[in-house]
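Student: Swiss-Prot lists these features:
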DISULFID  Cys4-Cys10  disulfide bond
DISULFID  Cys91-Cys102  disulfide bond
DISULFID  Cys91-Cys104  disulfide bond
ACT_SITE  Ser153  active site, nucleophile
CARBOHYD  Asn167  N-linked glycosylation site
ACT_SITE  Asp177  active site, charge relay system
BINDING   Glu188, Arg191, Asp193, Asp196  Ca(2+) binding site
DISULFID  Cys238-Cys262  disulfide bond
ACT_SITE  His264  active site, charge relay system
DISULFID  Cys286-Cys297  disulfide bond
DISULFID  Cys300-Cys305  disulfide bond
DOMAIN    339-450  domain 'PLAT'
DISULFID  Cys434-Cys450  disulfide bond
Amino acid sequence: SEVCFPRLGCFSDDAPWAGIVQRPLKILPWSPKDVDTRFLLYTNQNQNNYQELVADPSTITNSNFRMDRKTRFIIHGFIDKGEEDWLSNICKNLFKVESVNCICVDWKGGSRTGYTQASQNIRIVGAEVAYFVEVLKSSLGYSPSNVHVIGHSLGSHAAGEAGRRTNGTIERITGLDPAEPCFQGTPELVRLDPSDAKFVDVIHTDAAPIIPNLGFGMSQTVGHLDFFPNGGKQMPGCQKNILSQIVDIDGIWEGTRDFVACNHLRSYKYYADSILNPDGFAGFPCDSYNVFTANKCFPCPSEGCPQMGHYADRFPGKTNGVSQVFYLNTGDASNFARWRYKVSVTLSGKKVTGHILVSLFGNEGNSRQYEIYKGTLQPDNTHSDEFDSDVEVGDLQKVKFIWYNNNVINPTLPRVGASKITVERNDGKVYDFCSQETVREEVLLTLNPC
C-alpha cells in the first residue's frame with residue numbers, strides 16, 4: 001500500500017521500506033501534518049531566538065536568512081525535539097567561527113512515538129528538508145552546494161533521505177551516531193549512505209550491538225569518512241549500561257533517555273566541541289581500535305589526518321573513497337578535544353625499579369605529567385609511549401622528566417636521568433631534548449633542545 005501527499009509525493013510500504021528482515025512490520029509514515037516538521041532559523045543576527053520558516057520564498061526573504069552564507073540544517077532523533085538546547089548550542093558555536101544560516105529542524109510530532117513508527121516518519125522529515133532545499137534553489141537561486149545537513153540518530157537517516165531526494169547535490173551530510181535498529185544492513189535507499197551528498201562524514205559513538213548492549217548507533221560504515229572515537233562503543237565519562245537485559249525498543253521512553261543514551265548523545269557533544277577546536281580531533285587511519293591503542297597508527301600519514309566533526313571537510317582526501325575509517329581518543333567531560341603525542345625516553349644513571357613521567361612545554365601551552373613507562377629502569381634503554389594531552393603545546397621548547405619508585409625505601413638514594421627525550425607530534429614533526437644530569441627520586445629534571 002502507499003500514501004501520497006501534496007508537495008512530497010508518495011510513500012509505500014514495499015520492500016525495502018518495510019517487509020524486509022531489518023524491518024518486518026508493514027508500517028507507513030504518518031502524514032506531514034502529524035509529523036509537523038518545523039524549520040527554526042538562528043543566525044548571527046538572532047542567536048537566541050529563532051525565526052520559524054516555511055518553504056515559501058517570501059517567508060524566507062523576510063527573515064534573517066542570507067543568500068551569501070552557508071546553510072546548516074540540524075535534525076534531531078528519536079524522542080528528541082528541535083528546541084532542545086544541544087541543537088541551538090551547535091548554532092551558537094558556529095556563530096563564533098562563521099556567518100551562517102543555522103536551521104534546527106523540529107519533528108517532535110513524529111519522533112515521540114514507538115521507535116518503529118518514528119523510523120518511518122523520518123521519510124517525511126527528509127522529504128520536507130529536500131523540498132525546502134528545492135525551494136531555495138528554484139525560487140531564490142540558492143545552490144544546494146551551500147547546504148550542509150547534520151543529523152543525530154534517526155535524524156542522520158532523515159538527512160540521508162533529504163540527500164537522496166535532491167540527487168546527491170547537497171554539499172555535505174554529517175551523521176552523528178546514525179541509528180542502528182531498522183537501518184543497519186538495509187539497502188542504501190533506506191539509510192544514510194555516501195551517495196546522499198557530495199561528502200558524507202560520520203561519527204560513531206554507540207556502535208555496540210543493540211542486543212544485549214543497547215547500543216543505539218550503527219557499527220556499519222555509511223560515509224566517505226567514518227570516525228570511531230574511543231573505539232566507537234564505550235565513551236569515557238559514560239557509565240557502562242546496566243540495562244543489558246533485552247529491552248523492547250518500542251518501549252523506551254523519555255525517562256531513560258539520558259541514562260540509556262549517554263554514548264549515543266556524545267556524538268553531538270563532540271561535534272559541538274570540534275567547531276571551537278579545529279585541530280583537536282585528529283582521526284588516525286588504522287585497522288582497528290586495538291591496533292590504535294597499541295600505538296601502531298602514529299603519526300598521521302603524509303596527506304595528514306582528517307579532523308572528526310566540523311572540519312572534516314578540510315581533509316584533502318575526503319572523497320577519495322568510501323568507508324575510510326579513523327580512530328582517536330577524546331576527553332571524558334566537557335572539553336573533549338585531545339592532542340596525541342609520542343614520547344621516547346632514553347635512560348641514564350642507576351638501574352632501579354620505578355615509574356618515569358614526562359611533561360611537555362611549548363609556545364602554546366604546557367601539558368601535565370604523563371607516565372611513559374614503569375618497570376626496570378635500565379641505563380641506555382629507550383621506552384616509548386603515546387598519550388592524548390588535553391593541552392595543545394604547539395612548538396615544543398623543553399620537557400621535564402621525573403621518576404619515582406613506589407615508596408620502596410632505597411637507602412642508597414639512587415640517581416636516574418634521561419640522556420635523551422624525543423617528542424613526536426601527530427603531524428610527524430620531531431623534537432629532541434638532551435641532558436647529562438641525573439636526579440634523585442621525585443626531583444624534576446629539565447631537558448633542553450639538543
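A Cβ is built for glycine as well, from the same backbone N, Cα and C atoms used for every other residue.
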Student: If I take the Cα of Cys297 (disulfide bond) as reference, which of the recorded positions Glu188, Arg191, His264 has the closest Cα?
Tutor: His264
Student: Using a 10 Å cut-off on Cβ-Cβ distances across all protein chains shown, tell me which of the disulfide-bonded residues (Cys4, Cys434) has the largest neighbour count.
Tutor: Cys434
Student: I'd like to know which of the recorded positions Cys10, Asn167, Cys305 sit within 10 A of Asp196 (Ca(2+) binding site) at the Cα level.
Tutor: Asn167
Student: Using a 10 Å cut-off, grab the number of neighbouring Cβ atoms around the Cβ of Cys286 (disulfide bond), all chains included.
Tutor: 19
Student: Which residue, of the disulfide-bonded residues Cys262, Cys305, Cys450, has its CB surrounded by the fewest other CB atoms within 10 A?
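Tutor: Output over disulfide-bonded residues Cys262, Cys305, Cys450: least Cβ neighbours within 10 Å is Cys450.
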Student: Run through the domain 'PLAT' (339-450) and tell me, per DSSP, how many residues are helix, strand and coil.
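Tutor: The breakdown for the domain 'PLAT' (339-450) reads 0 helix, 69 strand, 43 coil.
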Student: Inside 10 Å of the Cβ of Asn167 (N-linked glycosylation site), count up the other Cβ atoms and send me the figure.
Tutor: 11
Student: What whole-number Å value do you get for the CA-CA distance of the residue listed as 'N-linked glycosylation site' and Asp193 (Ca(2+) binding site)?
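Tutor: With distance taken Cα to Cα, Asp193 (Ca(2+) binding site) is 12 Å from the residue listed as 'N-linked glycosylation site'.
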